[in-house]
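Student: Here you go, one structure.
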Amino acid sequence: MDTPTSSSLPAIERQHLPALFAARPTDAHKGSCGTLGVIGGGPGMVGAALLAARAGLKVGAGKVLVGLVADTPPLPCDPMQPELMLRDFRGLLEAGLGIDAWTAGCGCGMDALAANALSELFQLRGDAALVLDADGLNLLAAGAVQARWGDAPVVLTPHPAEAGRLLGLSTEAVQADRPGAARALAARYGAWIVLKGAGSIVCDPAGACRINRTGNPGLATAGTGDVLAGILGSLLAQRIAPEQAVPGAVWLHGAAADALVTHGVGPIGLTAGELADSARRLRNSRA
C-alpha cells in the first residue's frame, strides 16, 4: 500500500543483496550453515511453527530445531519434513544447542505458557538474533512479556493491526503513515521493523526505511507471515548481517510469490507452504 509518505522511499533491489546469492563454500557443513531455533506452535497452531521451521530449512539453515509451546509435543516429528527436530520449548531452551538465531511467536498463543516461553527465551538467548512475530508481538503489546532482549539483533514483524497494538494506535492510523509507524516502533523497541502489507516497510533501528516492491495478492492467505519469519530467522542464523538479511528476507518472500504466480500457481489459491520451495530456487539462482 503506497501512501504519500511511503511512495518516495528507496526500494529494496536484488542487486543490493549480494549476501543472499553468494555461492556456498565447498567446505561448508551443517554447523557452519547456522542453527535456527523456532519457538511457537501452541494448541491448534502447530502448523504455524512448522511453516516457519520448514522455510528456515529450505532457505539454507544447517539445522532447525522446534520448541513447541506445549507441555508435551503433539508430534514426535514433522512427517513432511523429518529433518526438523521437535521437542517442547523448555527442552529446547535448556538443551544448550548453540542456536545462532531464534524465530519466536508463530502460533504460540496468548496464554501464560506462551508468555513464560518467550520470557525464558529473552533471558537465555545470549548473543543469538531474535525474530519476534505474530502472538509474540501481541503478548508484547499486552505487557505479558517485556522487551528485555539485550544487544543482539532483534527484528519485529508486525502486520498493521499488530503495529497498532504495539503503538496504541488504530490500524487506520498506522496505514495512513506506514514509514512513520515503522520508525516509531524502531525507536520504541530498538529493533529492526518489518511492517508487513502491500509494499512492506523495512526500517532499521536508526529509523532508515526502505519499501519492498516484490509480492502479490497471493500472499493474502494464512501462514505466509510464518514463512517470512522463518526465512528471516534462517538468514540471520546463517550469519548474514541484518543489513542484508532483513531486507533480503522480505524481498525473497515476495519474489517467491511472484515466481509462483508466473508459473500459474496463484495468486488465487496460492498457499503458504508453497513459498519455501520457490524461495529456495531463487536463492540458488544467479540471474
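Just so it is clear, glycine is given a Cβ too, placed from its N, Cα and C backbone atoms.
According to Swiss-Prot:
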type	residues	note
DOMAIN	13-286	domain 'YjeF C-terminal'
BINDING	ALA48, GLY109, HIS159, ASP226	(6S)-NADPHX binding site
BINDING	LYS196, GLY197, ALA198, GLY199, SER200, GLY225	AMP binding site
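In terms of burial and nearby residues, how do these features look in this structure?
Tutor: On the 0 to 100 pLDDT scale, the model's mean across the domain 'YjeF C-terminal' (13-286) is 97.
Taking the Cβ of ASP226 ((6S)-NADPHX binding site) as reference, residues of its chain lying under 8 Å away and at least six apart in sequence are, in sequence order, GLY40, ALA48, ALA49, LEU51, ALA52, ALA55, CYS106, GLY107, ASP133, ALA134, ALA272. Annotation note: ASP226 ((6S)-NADPHX binding site) sits in a helical segment as assigned by DSSP.
Neighbour density for LYS196 (AMP binding site): within 10 A of its CB lie 23 other CB atoms from the protein chains shown.
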Student: Greatest CA-CA distance (Å) over the residues ALA48, GLY109, HIS159, ASP226 that the record ties to (6S)-NADPHX?
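Tutor: Between the outermost Cα atoms of ALA48, GLY109, HIS159, ASP226, the distance is 17 Å.
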Student: Excluding near sequence neighbours, so keeping only residues 6 or more apart in the same chain, what lies with its CB under 8 A of GLY109 ((6S)-NADPHX binding site)?
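Tutor: The answer is GLY42, PRO43, MET45, VAL69, ASP135.
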